[in-house]
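The feature IMP binding site is assigned by TrEMBL to Asn170, Thr185. Summarising the annotation, TrEMBL assigns GTP binding site to Lys272, Leu273, Asp274, Gly354, Thr355, Gly356.
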Amino acid sequence: MNPRCMNFIGSGVVFHMYVITKSPNNNGLTAVHDRILVSDRVNVLLDMHMAVDGLEEKELGGSSFGFNALFKKQQLMKTSDAAIGTTKRGNRTGIKLTDIFYPELFEEKVKRLAGGYQKRFGELFKYDIKAELACFEEYREMMRKYVVDGVSFMTSAQQSDMKIVVEGANALMLDIDYGSYPFVTSSSTTLAGIIGGLTLNPKNITETIGVVKAYTTRVGWGAFKTEDTEERLDANGGRRPAADADVDGSVHLVVVKYSNSINYYTSLNLTKLDVLDTFETIKIAIAYKVNGQEVDSYPADLKILEQAEVVYHEMPGWQAPTINAKTYYDLPKRARDYVEYIEKFVGVKIKYIGTGPDREAMIQRA
């Protein structure tokens, strides 16, 4: 953790106490409480929510959403093991961080939620409410030093002209409104979600960088029209695009262009370029074909998406290592052609190019 950086967890997330009370020490970080602040408006994630998340996945697993050809598994995409969707913020029955400082109120809310789940799931609902409440006896006092008025903090930070870098966990296609619904998370992952979750003044945003993988990966289930089922990456000695990815495949410029129409990027960061170093031919998804007609936008109707064929543009691979490239012109000519094709198609300059897993493996273009 950068000693010169103040870390603020905004209201647009759900918050698990373990992150603050245990995780820093377990990762060798000490005396960091003055550099980690948490908005008083976050929703709290309980062990109960994680227990319910698993039960809801099983409950929905038997339901058919159709679209068998499109989706690998007939169940909703897990919003993550953090059980974001079960914190019930949208249902107005969630636990706010401020609630934990009122023991009787907190206990009443937890018992009410647990009682509802017990009625719903019966013996399948395995949850030790006494153990959870006992943990919060410890968490309650530890958390006081981290909690701040999030709105006041962000207002002060912006008025002081602090440099602010925002990090989020999920990309656009997991957005509750604009993602591949229902295979999404339960919150907004767009620029608008960031502004709302952190109370950022839009006028203060100087740069919005869209991160695009040269070789796309996805964790979980959902629409993945450009999935590559070949095992050529490992066979040819290439780097796997992501160790924890469930599926991977060609860059999907229909989605990138769609994302830009929502977030309005000032530049792009193209990562994982080195993953393509061994490819003889590189395929780029540029449109869909539905009933013989080309569609160049991402459809909201998943039935249409199921029927759609992907239209690809093919380019010759460069078949040379890019991992040691320090400048843009150190890249092979065909790699530069690939970068410039994406730029032209999306209409946004690629300012950063990732050429390896290390932090230093990043080319910055003027």
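Each residue, glycine too, has its Cβ placed from N, Cα and C.
Residue pairs drawn from Lys272, Leu273, Asp274, Gly354, Thr355, Gly356, the listed GTP binders, are separated by up to 8 Å at the Cα level. Compute the center of the Cβ atoms of Lys272, Leu273, Asp274, Gly354, Thr355, Gly356, which mark the site for GTP; besides them, the chain residues with Cβ within 8 Å of that center are Ala214, Thr271, Val275, Thr322, Ile323, Ile353, Pro357, Ala361. Across the structure, Thr355 (GTP binding site) and Thr185 (IMP binding site) are spaced 29 Å apart at their Cα atoms. Thr185 (IMP binding site) and Gly354 (GTP binding site) are 27 Å apart (CA-CA, integer value). Here the binding-site residues are Gly354, Gly356, and the one whose Cβ sees the fewest other Cβ atoms within 10 Å is Gly356.
Annotation for the binding-site residues Asn170, Thr185, Thr355: lowest Cβ count within 10 Å of the residue's own Cβ, Asn170. A distance of 24 Å separates the Cα atom of Lys272 (GTP binding site) from that of Thr185 (IMP binding site). Taking the C-alpha positions, the distance from Asp274 (GTP binding site) to Thr185 (IMP binding site) comes to 29 Å.
Lys272 (GTP binding site) carries neither a helix nor a strand DSSP state and counts as coil.
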